[in-house]
Structure formats: structure tokens, C-alpha cells
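Peer 1: Okay, handing you the structure first.
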Amino acid sequence: MSLAGGRAPRKTAGNRLSGLLEAEEEDEFYQTTYGGFTEESGDDEYQGDQSDTEDEVDSDFDIDEGDEPSSDGEAEEPRRKRRVVTKAYKEPLKSLRPRKVNTPAGSSQKAREEKALLPLELQDDGSDSRKSMRQSTAEHTRQTFLRVQERQGQSRRRKGPHCERPLTQEELLREAKITEELNLRSLETYERLEADKKKQVHKKRKCPGPIITYHSVTVPLVGEPGPKEENVDIEGLDPAPSVSALTPHAGTGPVNPPARCSRTFITFSDDATFEEWFPQGRPPKVPVREVCPVTHRPALYRDPVTDIPYATARAFKIIREAYKKYITAHGLPPTASALGPGPPPPEPLPGSGPRALRQKIVIK
């Protein structure tokens, strides 16, 4: 609890407040903003026809039961409502009540008589446009109402009491026959449309020209067969039990699925396309298998002098002895001049090797 709230109030509290308020200087803000808030002497307040007095109530409401009314004739002094006076522009107030022009009764009676004498077309010229709008609206409303009534009457005539008599057996059969014909026609049309649709669906599109098909699949992996080992009983003893006999059956344990591998196939529609993409080169020349003329075996060597193939050393000696006998009887061949002095051999032809100049010696 604060000290100020607990102590007793002073008797002289607020004595100097009135003096401070009188000595306070007026602020310029309230004198200049919006034209100032001070009242002018020449500004008359607006006074309406009705006095700004509070509602009069019965005197019994404000008087307690124990109090006696001081005087019934005294009336409360009306209090005027003060408003803030500014120098801003104000629109002139218009009187709510129209002014009554004091006209003599004779003139008004004469005007009424003149108006009655005028034709209807010339009366109320100022309100002609308004009356024309009213008349067009009323005419349009009347036409709309007539149309609605006509529609309702037509609907009533249509929905009137219409009693359909039951059809006879002959009429029912005739109607069923007509319905059957219509159903058959509809069924034929439907079947024809379905057949056309199936033809269009199953019609395969053919691509002109060569076709290369790429197809990749998975196939079971097949291992290459290796050398098969056989157990040979050398000493005549019983063979040792195989590993398959010692191990239990594979059916008791889990069986692993066989391994698989991928294979890719490329198919060509014709051989011409295949040869175009994979041209084949010239096949290699297969060497001619030469035979030794002495032993009639495949020749493994060739004599450089006689250019005769031979298979063994004995065949080589026989070939040389025959060559010596030939030289003794016929002399050296043309190619043998290269071994001794003599005229130079002729120039070889283009494309021919040294073997082309050698003379073939046939041993019979």
C-alpha cells in the first residue's frame, strides 16, 4: 500500500488550482487551427421554429415522496446548446417548411375553374413525361399478365382429363411386331459397326523398307561342360564314397534359383541389309598342302636349290643326289649360272618373285 493512499487528505488541497488556471497563457494552436475556437460577437446563432428545450416530463417523476413541490408554476429555464464557432464556409440553411403565400380566396377559385375548362391534353404539362412512363409501364405489365394467363390456360388444356383406353390383344401384337423390326434393324447396325471396329483394330501397319529388330531377353545361364573326372580303381579296392553320397539330399534345404543372364538379339529383315551393315571381306587364301615326292608325306621343308619340298633328311639327300645326276647328264639349268661365272641372268618380270625364275625339277 502506497504512502499517498494511506495518509489523510489535506484541507487546503486544490486552493491554488483556480489561480493557476487563470494565469495559464492561451495556446496559439486553439486560436489558429480551423479558424480558431473563440466566439465572435456578431455571430448570431441559428434559431429554429421550435425551441431547443428538453422534453417536459411530469413533475411527479423528479420529486421524492418525502419532498414537497416548491411551486407548480415555475418552469425550467431552457438551456441552449452551444456549438463551436469557426470561420469556415457554411452552406446557407434552407427552411424545411415551405412558405405560405397569402393569396385571396377569389383568385384560387378562379384558377381552379380555368383549369377545369382546359382539355385533358393541356393540363399538367410538367408531368406529361412522368404520366407517359406510368402508362407504358402499366401497358407492359398488362400484356405480361395476359401472356401468363394464356400460357396457364394452354397448360391446363394439355393436362386436362385424358383417359387412355386399354389396348386390345391384336393392337398389342401389332405394336410388338413393329418393335421387333426396329430392334432387329438396330441390332444389325450395331453388329456392322462392331465388325468394322474389329477390322480397324486388328489391321496391322506395315512399314515399307528393311527393318532391324532389337530384342533383349533373359535366359537361364548354361555353363560350359568341363573335363569329367573319373575315379579309377587301381588296387582293386572299393572306391571311396563320393561327396554327393555323404551330403544329405538337397530337398531338405532351400533351393537357390538357377542363375540367369541377358541376351540381346539383332534381327535383319533381309540378307542385303545384313551385308550392308556387316560387309564380309575376302576370304583368306588357304595354303596348298604340299607332299614330299620321296616319302609321300606332308612336306615340312623346301630345298632352296631345287625348290622341291621334302619331309625328312633322307628325302633331302635323295633329292640332292638326283640333282647332281641331272647336272652331269644335262648340264646346269639357267638358274644355276648364278652360282658360277657367266652372263648375268635376265631381269625378272614385274610381279614375279625369285621362285618364278627357278626351274622345276620333277623327280620320277
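Count begins at 1; order follows the chain as displayed.
Glycine residues also receive a Cβ, built from the backbone N, Cα and C atoms like all the rest.
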Peer 1: Look up Ser51, Ser70, Ser127 in Swiss-Prot and give me whichever carries the note phosphoserine.
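Peer 2: Swiss-Prot records phosphoserine at Ser127.
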Peer 1: Under Swiss-Prot, which of the candidate ranges 220-242, 335-357 is annotated region 'Disordered'?
Peer 2: 335-357
Peer 1: Tell me which residue from Lys115, Lys317, Lys324, Lys360 Swiss-Prot records as SUMO2 cross-link.
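Peer 2: Checked Swiss-Prot: the SUMO2 cross-link annotation sits on Lys115.
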Peer 1: May I ask you to name which of Ser71, Ser129 Swiss-Prot has annotated as phosphoserine?
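Peer 2: Matching Ser71, Ser129 against Swiss-Prot annotations yields Ser129.
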Peer 1: Across the DNA-binding region (156-206), what are the DSSP residue counts per state (helix, strand, coil)?
Peer 2: 37 helix, 0 strand, 14 coil
